[in-house]
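Reviewing the structure listed below.
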Amino acid sequence: MRSTLSYSPLIEICARSRGAKRGTGRPGDRQIARILVTNDDGITSPGLHALYHSLSQLGETVAVAPDAERSSVGHAITTLLPLRVKEFSLEGRKIGYATNGTPADCVKLALGGVLGEGTRPDLVVSGINLGPNTATNIIYSGTVSAATEARILGIPSIAVSLAAFVEPRWDVAAEIARGVAKLVLEKGLPEKVLLNINVPNLPRNEIKGVKVTRQGDSNYQEAFKVGEDPRRQPYYWLAGTYEMKDTAEDTDAWSVANGWVSITPITFDLTARDHLHALTEWDLRL
């Protein structure tokens, strides 16, 4: 079992975190951290609102998120249409902006002008997603892709997902997200590395702990449902059933399914370094 951490210390950090210094590896330049939150479930998602309120205890927090759900769009960006932006308020208070773009667009847009000069965030947190983003699902995830976009642009980032589709415990996931965010602000992250967090949908006292995990191999067994629209034209609707393939206790999917918070360090560098040398031995005189 890799790097199993005690759960209690993280919860203690969550409970006492009230404000954080800028933490991009060089704390102290500014007393108050700037945090950008986004997601793929849309600006009206309760998960985003819970995350916003929780992270606001660490510093100046602003939301830039899609104006509607953009789940499973991966790292898509908008290049063929203009992006529109509207202010968004929650409980009578402006918290940020909604846009017709993708999650990755939201991060680009926030850094590219919506937030204004001198407001580059110290941390980007994407979530809280309704449903887990583990194993191969992270490739399709707009939540993870938004965090990845931030890291590509040089900002430490975290993706947070809650392993639930009904009766989600947003408060637990938001508290854990705040604890990890505080640590990232203080310690920074290695170059090109971001954190993918998955939280089981359990009461806090029933969560077994926190584990640093690797990406698993579980995925969906997919099939297209074929139908016919009112104009008698066929359509194909993708559906599927999640298949839990991971049995190793150091994987993200197994850990979350068995009551652990999973924290997986991931990177946008997709080079298969273990196979570089083997490939050079091929006869590539094509």
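Backbone N, Cα and C define each Cβ position, glycine as well.
From the candidate list N129, N133, the residue TrEMBL records in the divalent metal cation site shared with D40, D41, S71 is N129. With the fewest other C-beta atoms within 10 Å around its C-beta, S71 stands out among the binding-site residues S71, N129. Listed binding-site residues: D40, D41. The one with the lowest count of other Cβ atoms within 10 Å of its Cβ is D41. Using the Cβ center of D40, D41, S71, N129 for divalent metal cation, the list of other same-chain residues with Cβ within 8 Å runs, in sequence order, N39, G42, S45, E69, R70, S72, P103, L130, G131, S141, G142, T143.
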